[in-house]
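What follows is a short report on a single structure.
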Amino acid sequence: MNSFVVVLLLFIAILCNAEQESDENARSCNRLGKKCNSDGDCCRYGERCLSSGVGYYCKPDFGP
């Protein structure tokens, strides 16, 4: 039973570390709801830098 707990904790640590690395790679990109300067800014796939009247934000792009 103790070895199962150790393996489980090791697996969780590996998953958390992998998620943290992907966040570091995306740090320069804007996230949904974050300000952006233009369409040239890096929004996630399926998002565009759109105006909300006051500023530009990464928002879902539902097509043309």
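From the backbone N, Cα and C atoms, a Cβ is placed for every residue, glycine too.
As given in Swiss-Prot:
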DISULFID  Cys29-Cys43  disulfide bond
DISULFID  Cys36-Cys49  disulfide bond
DISULFID  Cys42-Cys58  disulfide bond
SIGNAL    1-18  signal peptide
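Across the structure, Cys58 (disulfide bond) and Cys49 (disulfide bond) place their CA atoms 5 angstrom apart.
The two recorded residues, Cys36 (disulfide bond) and Cys43 (disulfide bond), have Cα atoms 8 Å apart.
In three-state terms derived from DSSP, Cys58 (disulfide bond) belongs to an extended strand segment. In this structure, the C-alpha atom of Cys43 (disulfide bond) lies 7 angstrom from that of Cys49 (disulfide bond).
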